[in-house]
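Enquirer: Please see the structure below; I have some questions.
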Amino acid sequence: MDCRLSRGSWVPVAGLVICLLLCACVVDLVLAQIRYSIPEELEHGAFVGNIAEDLGLDVAKLSARRFRIVSGAKKQYLEVNLENGILFVNEKIDREELCERSPSCFLHLQVVIENPLELYRVEVEILDVNDNSPSFPWSEFNLDITESAAPGSRFPLESAQDQDVGTNSLRSYTLSANAHFVLNIQTRNDGSKFAELVLDTPLDREQQKKHEMVLTAFDGGSPERSGTAVITITVLDANDNVPVFDRAVYRANLVENAPRGTLVLKLNASDLDEGSNGEVTYAFSGHAPLKVRELFNVDPYTGEIRVKGVVDYEKASVYELFVQAKDRGPSAVAVHSKVLVDILDVNDNAPEVILTSVSTPVQEDAPPGTVIAVISVMDRDSAENGNVDCQIPSNVPFQLHSSFRNYYTLVTSEYLDREAVPEYNITLTARDLGAPSLSTRKTILVQVSDINDNPPRFSQPSYTVYVTENNAPGASICSVSAFDPDSNQNAYLSYSILEGQIQGMPVSTYVSINSDNGNIYALRSFDYEQLRNFQILVQAQDAGFPPLASNITVNVFVLDQNDNAPVIVSPLPKNGSVATEVVPRSVDAGYLVAKITALDADAGQNSRLSYQVLQATDPGLFSVALYTGEIRTIRRVVERDATRHRLVIMVKDNGQPPLSATVSIVLTVVDSVPESLSDFGDLTLSPQPPSNLALYLIVSLSTISLIFLVAIIVLAAIKCYKDRETISGYNLPPFACCCCGGFQPEPPPEVFKKSNLNLQISSATKVPTNCMEVNGNSTLSQSYCYKVCLTPESAKSDFMFLKPCSPGSTPRNNEAKSAECSWNAQSRCSSVNNGATTPNEVQSEKCKNTVCMLLVSYIPDCSGEQHLGCDILPGRSQHACPSDFYAT
């Protein structure tokens with residue numbers, strides 16, 4: 001035995017030895033259970049035991065492992081110091097309040113330790129100390145005893161009550177000295193003592209009517225405590241018959257919670273006397289405890305014992321009732337009997353569910369078997385009424401395991417997904433096995449904490465953005481949006497543009513992005529003519545650890561604006577801003593005088609051009625085609641018409657607002673077309689020596705033509721590559737697009753209805769496939785070489801004519817004399833006469849007439865767009881060519 005007292009606890013010196021014997025703390029580790037014993041009334045901080053040492057635990061790890069104790073009592077009487085593992089008294093314990101008069105009193109504790117989970121049961125026995133003195137229900141007892149009472153007659157006395165138990169309870173009685181009475185002390189079934197007053201010598205009323213004596217009750221504690229009561233005996237005249245009970249001991253069964261007024265049993269006593277001496281009355285005797293008087297009632301006339309209060313089996317399973325009967329005669333003597341009432345248990349207590357430990361939230365990647373909560377269940381009923389079964393719903397990813405009797409652990413049965421279910425409300429149902437069964441429901445909230453297991457997701461697979469050119473730098477062009485099903489930092493997204501290049505420049509010089517909201521801004525003004533579309537790669541990344549990211553492609557298309565005015569490329573002005581052409585006086589109405597050719601760098605409707613005459617010397621003589629720009633005669637030229645006419649032609653695009661350009665053309669009416677002209681600029685200028693001027697003109701025009709030709713070849717190659725699929729839809733070979741070389745489909749006859757030409761395609765094997773014989777039906781029938789480009793929309797194809805040289809013309813230099821009229825397949829053109837020479841002869845004949853031409857035309861490509869095409873044909877120098885060579 002070992003007695004442990006906390007420092008500063010006060011124990012009376014007189015009771016120190018007894019305290020050392022009673023407050024021994026016994027540690028009994030059997031089946032994970034420890035028992036201590038302490039006396040009641042210890043002050044706060046009193047030592048109970050070193051529970052950490054008794055359990056073999058490391059004191060340094062108590063806090064880390066969340067060491068704690070759980071008590072089923074309403075107050076937390078005991079507590080543990082986590083720094084040294086000592087179990088101490090937290091609140092003063094009153095054994096009489098805690099266990100009433102129960103012979104044994106225990107505090108049941110549960111020790112819970114986590115990481116790993118360990119459970120221990122601890123029982124602390126509360127030992128009684130002698131802190132209550134015996135006391136009588138009344139300070140004075142009055143007894144009426146007839147003088148005829150025979151020696152040996154017994155008179156029960158009111159019992160003293162002592163709240164202590166064991167040796168500290170009531171031990172005995174003493175009676176003060178007197179001449180007639182002695183005490184007889186008896187013991188009940190529960191071990192309590194009661195006294196009877198025994199008549200030792202007969203009474204003589206005539207000698208002494210009253211007797212007074214002192215009854216003392218004392219307990220067995222140390223120090224001894226006592227209580228007294230005064231007994232006053234009045235001697236009565238004789239009533240020689242007393243009532244007699246039909247039973248010495250009565251026994252009855254009573255169901256707990258029986259309603260008030262329920263009949264327990266009926267007493268029966270008889271008296272042989274007559275009259276008032278034979279009328280019996282019933283009452284509780286002085287031995288009946290106060291608790292019995294609160295629960296039961298005795299009818300004084302019928303002897304019926306009925307329920308007065310609430311009978312609870314959990315407080316007491318049997319009650320002992322002491323009753324008496326006496327007649328109403330003078331000097332009536334009471335007789336006593338005992339009633340034993342057995343209380344039958346009913347299932348009137350629902351199970352109690354106590355959450356000992358709850359670990360929440362739990363991570364969604366927690367492995368199956370993770371402990372979520374420790375649960376204890378109690379039922380105050382007995383037998384089957386106290387057996388409890390616990391269950392949880394089957395549709396949750398959790399399981400309930402029974403560790404030992406009335407203790408359960410709630411664990412995970414599978415991996416959790418916070419994005420699917422962020423929290424669980426688990427209903428625990430505890431049901432006893434009584435009839436009818438009682439149950440208790442307890443809801444456990446389990447929250448699932450997030451991990452970064454979901455990458456950001458964009459709201460759409462890709463983005464397509466349309467931006468009008470000439471946009472303001474810094475303007476927002478679009479916004480991308482992503483979401484992340486995770487939470488908190490794992491769902492916080494930042495946007496960025498991945499490294500890349502656009503036309504050889506870093507993408508960061510073109511666009512930027514707001515990292516918080518995904519707004520994309522243009523850093524420069526876009527030009528449709530330089531950049532039509534580009535792609536950027538946007539990344540959304542969360543703030544989790546490790547971070548997760550997703551990418552998406554943003555396709556940006558630049559939309560055209562009408563920001564380029566048309567540019568007139570044919571006819572080229574001479575001597576400033578005026579172009580000149582000659583018109584034979586003998587031409588008929590509809591004669592093609594010239595063709596205005598213009599370019600617009602814009603696209604779509606912004607590049608669709610229309611032509612109109614703004615000013616004319618004679619508005620009724622010449623007209624311009626609205627969409628082709630062809631200038632034709634409206635009627636024949638008569639003698640009274642002026643020889644010089646000035647036309648101002650405006651070329652306007654179809655944009656909003658439209659842009660335009662103008663060109664002035666001077667038309668000279670001549671009787672016949674000269675075979676060679678030295679200059680087209682000013683008809684009044686005198687001839688200049690051809691040596692230097694011709695050379696300058698040839699070099700300039702050749703350079704310009706070469707640049708145009710290279711541009712057309714490059715543009716045609718790019719367009720053909722992009723539109724290869726489109727061409728295949730027309731069953732044309734790829735090389736047939738956007739150029740005049742290669743195989744071209746045969747144009748329909750209606751193309752040439754207004755050209756006053758008779759076209760005959762040669763079938764000779766030696767003639768290039770794109771050469772034909774062109775015979776005019778007018779006075780200007782000559783040998784022409786053509787260049788043609790036919791698209792699937794053949795009605796829109798342009799036909800380029802070559803003005804022939806006169807047969808009698810003379811070449812200006814020796815190089816012109818050696819020029820061949822028959823070109824190879826790459827030149828895509830050959831000389832064609834008016835019938836004097838056959839196609840076979842054309843192929844091999846040397847060029848006797850020097851021919852030259854600058855071809856300037858809109859060449860339709862396969863997509864319907866137009867490109868500038870130009871070529872310089874072999875022949876004499878450019879400055880010698882007549883102006884009407886620029887015909888389409």
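Placement of Cβ uses the backbone N, Cα and C atoms for every residue, glycine included.
Below, the features straight out of TrEMBL:
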DOMAIN    30-136  domain 'Cadherin'
DOMAIN    137-245  domain 'Cadherin'
DOMAIN    246-353  domain 'Cadherin'
DOMAIN    354-458  domain 'Cadherin'
DOMAIN    459-568  domain 'Cadherin'
DOMAIN    583-689  domain 'Cadherin'
SIGNAL    1-32  signal peptide
TRANSMEM  693-718  transmembrane segment
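Help me understand the surroundings of these features in the structure.
Expert: Taking DSSP states H, G and I as helix and E and B as strand, the domain 'Cadherin' (137-245) has 3 helix, 54 strand, 52 coil.
Confidence in the domain 'Cadherin' (354-458), given as mean pLDDT, stands at 91.
Taken through DSSP, the domain 'Cadherin' (459-568) splits into 7 helix, 51 strand, 52 coil.
Across the domain 'Cadherin' (583-689), DSSP helix (H, G, I), strand (E, B) and coil residues number 4 helix, 45 strand, 58 coil.
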Enquirer: What counts of helix, strand and coil residues does DSSP assign across the domain 'Cadherin' (246-353)?
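Expert: Residue counts for the domain 'Cadherin' (246-353) by secondary structure: 9 helix, 47 strand, 52 coil.
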